[in-house]
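Colleague: Below are the features I grabbed from Swiss-Prot:
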type	residues	note
BINDING	Gly8, Arg9, Ser10, Gly11, Ser12, Gly13, Lys14, Ser15	ATP binding site
BINDING	Asp56, Val57, Arg58, Asn59	GTP binding site
Amino acid sequence: MKLIIISGRSGSGKSVALRALEDLGYYCVDNIPVNLLPTLTHTVVDEYDQVAVSIDVRNLPKNPDDLVEILDYLPSSWSMTIVYIDASDDVLVKRFSETRRLHPLAKLNKSLSEAIRAESALLAPIAERADLYLDTDKLTIHQLAELIRERILGKKSSRLVLVFESFGFKHGIPKDADYVFDARFLPNPHWEPDLKHLTGLDAPVEVFLGSQPVVTKFIWQIQNLITTWLPHLERNNRSYVTVAIGCTGGQHRSVYIAQTLSKTFSEIHPDVQIRHRELNQ
């Protein structure tokens, strides 16, 4: 099992890092008490092979030595990486001031600056054990997410799921669509008596539409658009991109085009899904 522990001072970007790992398929737990870490990992070991947890100052044991013992208690067969995320005191003060959030140690009657410095001392034991230290002073949220993927996982892009969906305009446009293409101008198998009761998944309809130059060109242009911009979408912290193809009823043209595109992209992209909305109802 691969275990990633995210820690660092409040406001440094721990939540952003954890979300980036969740998008990559990690089972994530936010702000787990350290003394429950062995129990959690033993509980999920049979269900998940990639687990990420975040630990903040509120969940540390009172005795710093206990932290070392807890981490050492974890099975040596597990691959554990500790990531410590931090920023300068001035930047953390600015972030708290802009968001008007209350620092976790503010209840100790400390000023914001004092709380930030005190937090650093309390987190020192886990910072000393860190395998990777990330300074977020000059990073945006998206840059931090990309850095997490690149430094920890050895890849700049998350596993973006590319979804092709067919639909009928008379039933409404899918609300989750990122791109919508209108195929209603293309030759319609509905008006062919032998094809009317078939769908875009049936061979006779595939032959009919595949022999139409305008259909072939339409598919090629969609394919070219998605191929051009897919790398940029992957680097933009996206988990899903849904490409919706619509015709009048969602039975022939849109089904054929969505199915054709999904087959093409399955050869060049690791995670492609296909949905035929009207056929599944």
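Glycine is treated like the rest: Cβ placed from N, Cα and C.
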Colleague: If you draw a 10 Å sphere around the Cβ of Asn59 (GTP binding site), how many other Cβ atoms fall inside it, taking every protein chain shown into account?
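Modeller: That number is 17.
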Colleague: Go through Arg9, Lys14, Arg58, the listed binding-site residues, and name the one with the sparsest Cβ surroundings, counting other Cβ atoms within 10 Å.
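Modeller: So among Arg9, Lys14, Arg58, the binding-site residues given, the one with the fewest Cβ atoms within 10 Å is Arg58.
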Colleague: In Å, rounded, how far does the Cα of Arg58 (GTP binding site) sit from the Cα of Ser10 (ATP binding site)?
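Modeller: Ser10 (ATP binding site) has its Cα 10 Å from the Cα of Arg58 (GTP binding site).
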Colleague: Give me the Cα-Cα distance between Ser15 (ATP binding site) and Val57 (GTP binding site), rounded to a whole Å.
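Modeller: Distance between the two Cα atoms comes out at 14 Å.
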Colleague: How many neighbouring Cβ atoms, not counting its own, are there within 10 Å of the Cβ of Asp56 (GTP binding site)?
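Modeller: Step by step: centre on the Cβ of Asp56 (GTP binding site), count other Cβ atoms within 10 Å, giving 21.
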Colleague: Quick check on the binding-site residues Ser10, Ser12, Ser15: which one has the highest count of other Cβ atoms within 10 Å of its Cβ?
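Modeller: Result for the most crowded candidate: Ser12.
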Colleague: Neighbours of the ATP site Gly8, Arg9, Ser10, Gly11, Ser12, Gly13, Lys14, Ser15: Cβ within 8 Å of the Cβ centroid, same chain, sequence order.
Modeller: Asp56, Ile85, Asp86, Ala87, Thr136
Colleague: What binding-site residues in the list Asp56, Val57, Asn59 lie within 10 angstroms of Gly8 (ATP binding site), counting C-alpha atoms?
Modeller: Asp56, Val57
Colleague: Quick one: of the binding-site residues Asp56, Val57, Asn59, which has its CA closest to the CA of Gly13 (ATP binding site)?
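Modeller: With Cα distances computed to Gly13 (ATP binding site), the winner among Asp56, Val57, Asn59 is Asp56.
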Colleague: Check Val57 (GTP binding site) against DSSP and tell me helix, strand or coil, would you?
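Modeller: Val57 (GTP binding site) sits in a helix per DSSP.
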Colleague: What are the other residues, in sequence order, whose C-beta lies within 8 angstroms of the center of the C-beta atoms of Asp56, Val57, Arg58, Asn59 at the GTP site?
Modeller: Asn31, Ile55, Leu60, Pro104
Colleague: What Cα-Cα separation, expressed in whole Å, is found between Ser10 (ATP binding site) and Asp56 (GTP binding site)?
Modeller: 7
Colleague: Give me the count of other Cβ atoms within 10 A of the Cβ belonging to Gly11 (ATP binding site).
Modeller: 24
